[in-house]
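Q: Positions annotated as active site by Swiss-Prot: D55. Annotation source Swiss-Prot lists ATP binding site at K26, G27, G28, V29, G30, K31, T32, T33, E235, N262, citing sequence analysis. Marked as Zn(2+) binding site by Swiss-Prot on the basis of sequence analysis: C271, C274.
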Amino acid sequence: MQQQVEPTLKNVLENQTLKWIFVGGKGGVGKTTTSSSLATLFAKSGKRTIIISTDPAHNLSDCFDQKIGSQPTQIKGIENLSAMEIDPTVDPDKLKLPTLQGFMNDQATKSLLSELISSVPGIDEAMSFAELMNSVDEMKYDLIIFDTAPTGHTLRLLNFPNIMEKGLNKLVQLRYNFQNLASQFQGLFGSQEEFDQQMNQMFSKIETMKDTVTKVNAQMKDRNKTTFIGVCIPEFLSMYETERLVQELTKFKIDIHNIVINQVLFPDDQCKMCNARAKMQKKYLDQMIDLYDDFHVVIMPLQENEVRGIDGLKQFCELLLKPKSVPQF
């Protein structure tokens, strides 16, 4: 089956307006290898690039064969490329929200913040993601690539702006509850006026974080600045998750027009088992090409060796830019 558009990622590299690239899909399909190779290509083109892993099971250190932590780390041997592995969850102590100094001791303040945050499921991750995006944006990289967690977690990330909006409304309601409580126990909290001032400071921070998420959300929906690259393998479950991802991204109005299919087998006269599996894969490949006829569907051959280190990534980079068709039998 003939593909309608070029089956490479050249279109992504040639886009001069992109700022954010998300790479995602089912677990174990080669997301980290794909995102790391793409980051390498951009860095070599002269763009100051950072790749960030939001997957709790980090693989960037293994992929680049060097230690990578929670702060930007320069990749050895690749100019313009940095990487970091971050925890997508957050500790309330690290949110930098103002405390109610003079009215409650530190432990009580932390308990209050924890209560506020835990009252809205998912808002802790939303706040963490907002802080992360804001911090990375301030680093002035030309391009930010996210190596995301498996599909379900990624879709939660995309829903964070809605969580923040709903969460803020609930926190505002709790705020008035605390104000009423303060009026009944003024001896503990101090004067109502002073308590209100401190509460205003704390909720001003929350409002600021919501503004950050709103700004990020606007950028994510701007196809000139943001795109998503789906990664899968030619098997039913992976194909199913890819379609789910495409539908959800479309619902969130986030651009996706590239899919990388890894671990593709080609005919081999010396291996009957390989040929049998390749024929099984071809059924799904044909379906993918037909379903995504207006996408850049990149077919990546199964690699003989594990892709690890700079040399391995360079070879993978070349394949991302080299057109390949569906195997024929």
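Each Cβ is built from the backbone N, Cα and C atoms, and glycine gets one as well.
Would you situate these features in the structure and describe their surroundings?
A: D55 (active site): 21 other CB atoms within 10 A of its CB, across all protein chains. According to DSSP, D55 (active site) sits in a coil region rather than a helix or strand.
Under the three-state DSSP scheme, E235 (ATP binding site) falls in the coil class. Less than 8 angstroms from the CB of E235 (ATP binding site) sit Q281, Y284, each of them six or more residues away in the same chain.
The secondary structure of C274 (Zn(2+) binding site), as reduced to three states from DSSP, is helical.
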Q: Measuring Cα to Cα, how many Å separate G30 (ATP binding site) from C271 (Zn(2+) binding site)?
A: 24
Q: What is the Cβ neighbour count of C271 (Zn(2+) binding site) at a 10 Å cut-off, with all protein chains included?
A: 12
Q: Out of G28, T32, D55, which of these recorded positions is nearest C271 (Zn(2+) binding site) by C-alpha distance?
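A: Closest candidate to C271 (Zn(2+) binding site), judged by Cα separation, is G28.
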Q: What is the biggest Cα to Cα gap, in Å, among K26, G27, G28, V29, G30, K31, T32, T33, E235, N262, the residues listed as binding ATP?
A: 19
Q: Whole-number Å distance between the CA of C274 (Zn(2+) binding site) and the CA of K26 (ATP binding site)?
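A: Rounded to a whole number, the Cα-Cα distance is 23 Å.
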Q: Whose Cβ, among the binding-site residues G28, G30, has more other Cβ atoms within 10 Å than any of the rest?
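A: Checking each of G28, G30, the winner is G30.
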